[in-house]
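Taken verbatim from Swiss-Prot:
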ACT_SITE  His657  active site
BINDING   Cys520, Cys522, His528, Cys605  Zn(2+) binding site
COMPBIAS  190-204  compositional bias 'Basic and acidic residues'
COMPBIAS  220-235  compositional bias 'Low complexity'
COMPBIAS  350-361  compositional bias 'Low complexity'
COMPBIAS  429-448  compositional bias 'Low complexity'
COMPBIAS  479-491  compositional bias 'Low complexity'
MOD_RES   Ser132  phosphoserine
MOD_RES   Ser178  phosphoserine
MOD_RES   Ser204  phosphoserine
MOD_RES   Ser344  phosphoserine
MOD_RES   Ser350  phosphoserine
MOD_RES   Ser398  phosphoserine
MOD_RES   Ser479  phosphoserine
MOD_RES   Ser480  phosphoserine
MOD_RES   Ser582  phosphoserine
REGION    1-40  region 'Disordered'
REGION    1-121  region 'Interaction with MEF2C'
REGION    2-254  region 'Transcription repression 1'
REGION    72-172  region 'Interaction with MEF2A'
REGION    155-280  region 'Disordered'
REGION    241-533  region 'Transcription repression 2'
REGION    331-361  region 'Disordered'
REGION    373-463  region 'Disordered'
REGION    472-491  region 'Disordered'
REGION    505-852  region 'Histone deacetylase'
REGION    864-938  region 'Interaction with SIN3A'
MOTIF     904-938  motif 'Nuclear export signal'
SITE      His830  site 'Contributes to catalysis'
Amino acid sequence: MHSPGAGCPALQPDTPGSQPQPMDLRVGQRPTVEPPPEPALLTLQHPQRLHRHLFLAGLHQQQRSAEPMRLSMDPPMPELQGGQQEQELRQLLNKDKSKRSAVASSVVKQKLAEVILKKQQAALERTVHPSSPSIPYRTLEPLDTEGAARSVLSSFLPPVPSLPTEPPEHFPLRKTVSEPNLKLRYKPKKSLERRKNPLLRKESAPPSLRRRPAETLGDSSPSSSSTPASGCSSPNDSEHGPNPALGSEADGDRRTHSTLGPRGPVLGNPHAPLFLHHGLEPEAGGTLPSRLQPILLLDPSVSHAPLWTVPGLGPLPFHFAQPLLTTERLSGSGLHRPLNRTRSEPLPPSATASPLLAPLQPRQDRLKPHVQLIKPAISPPQRPAKPSEKPRLRQIPSAEDLETDGGGVGPMANDGLEHRESGRGPPEGRGSISLQQHQQVPPWEQQHLAGRLSQGSPGDSVLIPLAQVGHRPLSRTQSSPAAPVSLLSPEPTCQTQVLNSSETPATGLVYDSVMLKHQCSCGDNSKHPEHAGRIQSIWSRLQERGLRSQCECLRGRKASLEELQSVHSERHVLLYGTNPLSRLKLDNGKLTGLLAQRTFVMLPCGGVGVDTDTIWNELHSSNAARWAAGSVTDLAFKVASRELKNGFAVVRPPGHHADHSTAMGFCFFNSVAIACRQLQQHGKASKILIVDWDVHHGNGTQQTFYQDPSVLYISLHRHDDGNFFPGSGAVDEVGTGSGEGFNVNVAWAGGLDPPMGDPEYLAAFRIVVMPIAREFAPDLVLVSAGFDAAEGHPAPLGGYHVSAKCFGYMTQQLMNLAGGAVVLALEGGHDLTAICDASEACVAALLGNKVDPLSEESWKQKPNLSAIRSLEAVVRVHRKYWGCMQRLASCPDSWLPRVPGADAEVEAVTALASLSVGILAEDRPSERLVEEEEPMNL
């Protein structure tokens, strides 16, 4: 059923709101009129049109907003592009370290993406083509940024403009916060082609010498061997000397590995043995690689140490493989130029210097265990020997560079030099220099030997005499061949005398910088009489006077806790012999209670002390005190075994005030008492004499041996009836038990009116010290050498006027005992000039040098009245213990001053007086002799 009007196309139904359409009355062709869409179709098309309209509107708006952005992203003008990039680079280079971040720049991001893509492509190619060469792990060459990677990344990353003056390869991959890598881009390409082998010749080295004709090799004229340019500006120890120019690096490396590789193991292991050959097989051309000439010319006699140090590889076992080229083939092939002197070395001297090596033969047995090379564990990296270098001895390390942390338990295990330092290993591991090697010193070393004999080396503080003679220092002493060299010194030094005398050992000196660290935390030495400048000044004075070069310098060691406990209590040793670091190795339970009992006082300077005088440094005081005790003990053992003639220990802090459980008077451990006790325990000496001429009484030493008859203690000190520190040391303190009579105190009284001086001390030595010491007949003499009785000390510290010459004379007198086995240990003394003068006089006396004689007035002057009364009291008290005191009591002439040379007369008078004293002694007991004795004739 059709609706009305459906078949008439001119008729349309009326819809609400529509206008009536007029009828088309045209007779011609009429346009085709599409029928109106149905309402359902209109309903479906309306949302589609709406979405399209909204999409076009949004796209149009997006194009409008993107237009300014496109304008800003356009590449800048060429003139602005370079400046902007340079400014960005400068900001990166000059960026503050505190403001740096890990955000990578656009350049880095682009490079990173290129590198990643390049590696992915390379990995893909390797999987597809397995035979393709592998990519190295790291390439220092600039990366290539051209190729397909840029075209691929251009669709993802915007183009980054580069500087107009630099190509793109100047932007290597780098870390954003690494300044050295930023600087790398401005270096030329040649800086990346550095030598990779330390054995190669530097490009900056001076040009090599040309071969001279055979007739000019023996010429020794200055014109042919030296030029003005070969002085200090052209050092002898250049990196490679006059070796010929080396070949290319890559070629040389291949030839080196191909030649040496098959003959020995590869050095991939840091401890792998290194095989060096006497000879090398020639290549096809008939010549050897120039870079292998230093190994070719190396002689086995040059290498004394069992380990050979190669830079970067550590110590390597040094072996010699079988020679690959015989001597005949090597000599006839002309593979290298003959050896000759370098331009900066002096001329070989004449044969007159050869007798200087003759005295070395008698000292072989005594000095052989002492001459040693540098320890391999502490040797710095060294380069291989050059053909122009001669055999050298290596210097023993100085005391300041080798500070150890512990010492041996007992000196018996440390008698030899190689066993006294802990952790050194057997002597075979260190290597020793035989006398035959010393006798084979070439002429160029003989010249240096003569120079070393004529003057001491100020820098060699711990060298033994033989090492001083044979060692060739690294620096040149004569840079010109024409420089005159004196082969014989005008005056033979004591070192020359020691070399010429095989029966007299040397004098020992002990010093170490460890003892300098014991100082107050305030840092002001003027407020502390006992400071590090004392031993430092003495050591410098001995060097200035040339006495150190005449002695055998020792470093000493740190005393063990067991050695300290031979004199002091365990509590005392743990309190003052440990520091926070060493306590970590001990029993915490025992230390906790002891440390809680320790008390310190606050000093006026702001530091900490055991008392108002004795400062304490928690980190360094214990090490310094233990080092002083160990050094004196070590020196005493060497003298007791007659390895040394005598010795002087420049040590601090002092020790003669430290008793069994108390630290006082700047003292913590009694060094002399510990050395004496160790000598007794190890059977090194049966009878020991201790002389203490410090102005203060050695209360600690007296207490230690107060009951010991095998130790005679004689002290000369200011007493003033107990009113001078420490208050002990009265004349009637003679010992107890079996040790009664073996403690002698020369207690000076009378204050400083007048002060004691040379006449009083000379009288004490002549009347008391030497007679009792001769009667005791000691095996060894230990001296607590305090110099605070010397002139220059204020009244609270001494106030006496004993001269340095008098100290030297007293040392000479003591050397007449025990076969000259005398050991001096520094105790007190606080005026730097006075203690330096006194130490110099004592060391000169120990060496046997001529000491300045005392003035005639000192010999003729009579002791003051206070001194005579003090000496009378000593004779009275010890008359019943010593026969010499009985003889002196009845001999008035003995109180008169004696001039040197009158010893025979004194002995005659003493012998005559002893006869009458002996008769009286038979009739009356000694007690009645003391009571009924008439006053001496003064």
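Residue numbering: from 1, along the chain as shown.
Cβ coordinates come from backbone N, Cα and C, glycine included.
Around His657 (active site), the same-chain residues six or more apart in sequence whose CB sits under 8 Å from its CB are Met664, Gly665, Phe666, Cys667, Asn670, His696, Gly698, Asn699, Gly700, Pro726, listed in sequence order. The shortest Cα-Cα distance from His830 (site 'Contributes to catalysis') to any of the binding-site residues (Cys520, Cys522, His528, Cys605) is found for His528. Other residues of the chain with a Cβ within 8 Å of the Cβ centroid of Cys520, Cys522, His528, Cys605, the Zn(2+) site, are Gln519, Ser521, Gly523, Asp524, Asn525, Lys527, Leu603, Gly606, Gly607, Ile615. Residues near His528 (Zn(2+) binding site) in space but far in sequence (CB under 8 A, at least 6 apart, same chain), listed by position: Gln519, Cys520, Cys605, Ile615.
The binding-site residues examined here are Cys520, Cys605; by Cβ neighbour count within 10 Å, the least packed of them is Cys605. According to DSSP, Ser582 (phosphoserine) sits within a helical segment.
Neighbour density for Ser582 (phosphoserine): within 10 A of its CB lie 16 other CB atoms from the protein chains shown. Regional average pLDDT for the region 'Interaction with MEF2C' (1-121) in the model is 67. His830 (site 'Contributes to catalysis') has a Cβ environment of 22 other Cβ atoms inside 10 Å. Counting in whole angstrom, Ser582 (phosphoserine) lies 24 from Cys522 (Zn(2+) binding site) by their C-alpha atoms.
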